[in-house]
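Just below is one structure, and these are the notes that go with it.
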Amino acid sequence: MAEILVLVDHADGVVRKPALELLTLARRIGEPAAVVLGAGAAAADIAAKAGEFGAAKVYVADGAEFADQLVVPKVDALAQIAKAADAAAVLVTSSGEGKEVAARVALRLGSGIITDAVDLEAGDGGPVATQSVFAASFQVKSRVSHGVPVITVKPNAVAPEAAPAAGAVENVTVAFTGNAATVVARTPRVSSGRPELTEAAIVVSGGRGVGAAEGFGVVEELADALGAAVGASRAAVDAGWYPHTNQVGQTGKQVSPQLYVAAGISGAIQHRAGMQTSKTIVAINKDPEAPIFELVDYGVVGDLFTVLPQLTAEVKARKG
Ligand SMILES: Cc1cc2nc3c(=O)[nH]c(=O)nc-3n(C[C@H](O)[C@H](O)[C@H](O)COP(=O)(O)OP(=O)(O)OC[C@H]3O[C@@H](n4cnc5c(N)ncnc54)[C@H](O)[C@@H]3O)c2cc1C
């Protein structure tokens, strides 16, 4: 069976969940083969994890280039492995970096690319990807008609499923092309201890309805009870109540969690564009006519400062 290359995103020696989702999807369209780049001493553990989730083969490449330069070394490696393995498709996570890597790999391979897929299935002419477009008003199914399909997939498209496979490691020597942007300094981001917004299975977001920066306290408390990430509408972010990095929407981050809770958010089209593909949507808004109620699975008409603390207390009580 033809190999489906999966670029394994990892941090601090741990495989990120979206990479396990890609391996799960890859099994539908061929034989998953993981590509682990720049993992250093953690490479063996990462390869083993990829094997647990269905990778028959794991291509491992190391080198200071992966840490010292941006994007291009990964493009060099992925394109060279795809050619050598005669891969049937290349899957990459739809992060900012992932999409840049994928676009450059597609260019190197002379292939078509599909970005931000939310589902993947086998088709007669190759893998068929589903995209959710125009603020999630339409589902589009498409396939690459030229070259090795390069597809980026949004986090949370599928639940990762373990499926032990050989995970046979093949060490690869990459011919680096150089000419890359070089990292000159790094500043660790202050961690909130919460999951990464775009990868989180649950997101709790606050909007202008929280009234002030302090109003996000009830949003954070619910998020922490649920083990969720915190999002914000642009109105809340522009007011300076929450960091720009947490903005959800057309000009913010695109999220697609299992559960999205919108508190004090009206549901403007630009906000919907970033969250409408969430599997289950819950809104709390004191205005029964708020547009957000048009797309929710569950809606609560009420004051968020009354509803959220009750919800938090109930979640904590059930968790015990
Ligand atoms: C080019 C462009 C790009 C944009 N990109 C984005 C984007 O990426 N993300 C984004 O979010 N927006 C974006 N916007 C802005 C968008 O149009 C809306 O202005 C914004 O989403 C409104 O945010 P909001 O729902 O928090 O505020 P509002 O529209 O003011 O809604 C606040 C809601 O809170 C409710 N409320 C008030 N008090 C309470 C309470 N105590 N309890 C419960 N409910 C309460 C109100 O009934 C109301 O429905 C963009 C706009 C443009 C023009």
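The backbone N, Cα and C atoms fix where each Cβ goes, and this holds for glycine too.
Curation plays no part in TrEMBL annotations; they are all automatic predictions.
For 4-187, the entry in TrEMBL reads domain 'Electron transfer flavoprotein alpha/beta-subunit N-terminal'.
Sequence-distant contacts of Arg208 (FAD binding site), defined as residues of its own chain at least six apart whose C-beta falls under 8 angstroms from its C-beta, comprise Ser233, Ala235, Ala236, Ala239, Gly264, Ile265, Ser266. Residues or ranges marked as FAD binding site in TrEMBL: Arg208, 233-234, 247-251, 264-271, Asn285.
Look at the binding-site residues Gln247, Gln250 and count other Cβ atoms within 10 Å of each Cβ; Gln250 has the fewest.
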